[in-house]
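J.: Annotations for this protein, taken from TrEMBL, read as follows:
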TRANSMEM  20-41  transmembrane segment
TRANSMEM  66-88  transmembrane segment
TRANSMEM  100-125  transmembrane segment
TRANSMEM  146-168  transmembrane segment
Amino acid sequence: PSTSTTSTNWELVEDMEKRVLLICIGVCFLGVTAAALGFAAESKRIKESEINFFAPGKCAYPRTPAFALGLTAFVVLIVTHGIINASAGCMYCNKLSSAWVTFCAVFSWLMSTLASIQLLAGSILNDRHTMDEMYSVDFCYEVLRPWIFAKGAILGLISVTFGVLYYLNISSIKDRNQMGTPVNTDNHGNIAMTQPQVPAQMSLQPVFVPEDTYNRRQLV
C-alpha cells in the first residue's frame, strides 16, 4: 500500500509540474505580448504635427492607432495577472507563504497597477477629443507625453516577472505538501524543512524464565 501511495503522489506531482510549466509559458507569452503592444502604441502615439488648431484657443486631436494598441495591452496585462492569481490561489489563505513569496506578490500587484495607469492614460490621451487652450499657450501640447506607453510596457514586464516568481514559489510549496514533506516557516517567514521525527525505541520488556529452565541453562 505504501508503494502504491508513493507512486500516486509522484504522478500527482508530475501532473502539477506539467501544469505549472504550461501556465508559466502561457503567462510569459501574454506578458511579452502586452509589452510589445505597449511599445507599438508608443510608436503610434499623437505627434505634434497631428494637432489641429481649428479656432483661437481650441485644438483637436485625432484618434491614433495607439488608442487601440494601448487598450489591448491593458486588457492582456489584466488577463495575465488574473491567470497568475487564479492559478496560485489565495496568498493570505496559505499560512506557509514566506516573506519572499509575499514580497513577489505585492510587488507584482504594485507594478501591474502602475503599468495599467500608464497604458490607460496613454490610451485616453490618444483618443479623438477637443481641448480648450484657456490657461497656457502650451496647454494643447500636454497630450504629447513621451514614453507613456513605453513606461507601461516596462512596468508590465516587471509585474509579470515577479508574478511568475510568486506562482513558482507557491507551486513549490504545494508540491512539497503533496509529497507529504512537512514545510513550516520560522519567525521571520522563511520556509524551513523539518527533519522527520524518528520515534524513540521501545524499551525491552523483561522476559519471565521458569526457574528449572534457568538452572538447566546454567548447567550447560
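Cβ coordinates come from backbone N, Cα and C, glycine included.
Help me see these features in their spatial surroundings.
T.: Nonlocal intrachain contacts for the transmembrane segment (20-41), taken as residues 6+ away from its ends with a CB within less than 8 angstroms of a stretch CB, comprise 65-66, 69-70, 72-74, 76-77, 79-80, 83-84, 87, 119, 122-123, 126, 149-150, 152-154, 156-157, 160-161, 163-164, 167-168, 171.
Residues 23, 26-27, 30-31, 33-35, 37-38, 40-42, 44-46, 105, 108-109, 112, 115-116, 119-120, 122-123, 126-127, 149, 152-153, 156, 159-160, 163-164, 166-167, 170-171 of the same chain, all 6+ positions outside the transmembrane segment (66-88), place their C-beta atoms under 8 angstroms from a C-beta of that stretch.
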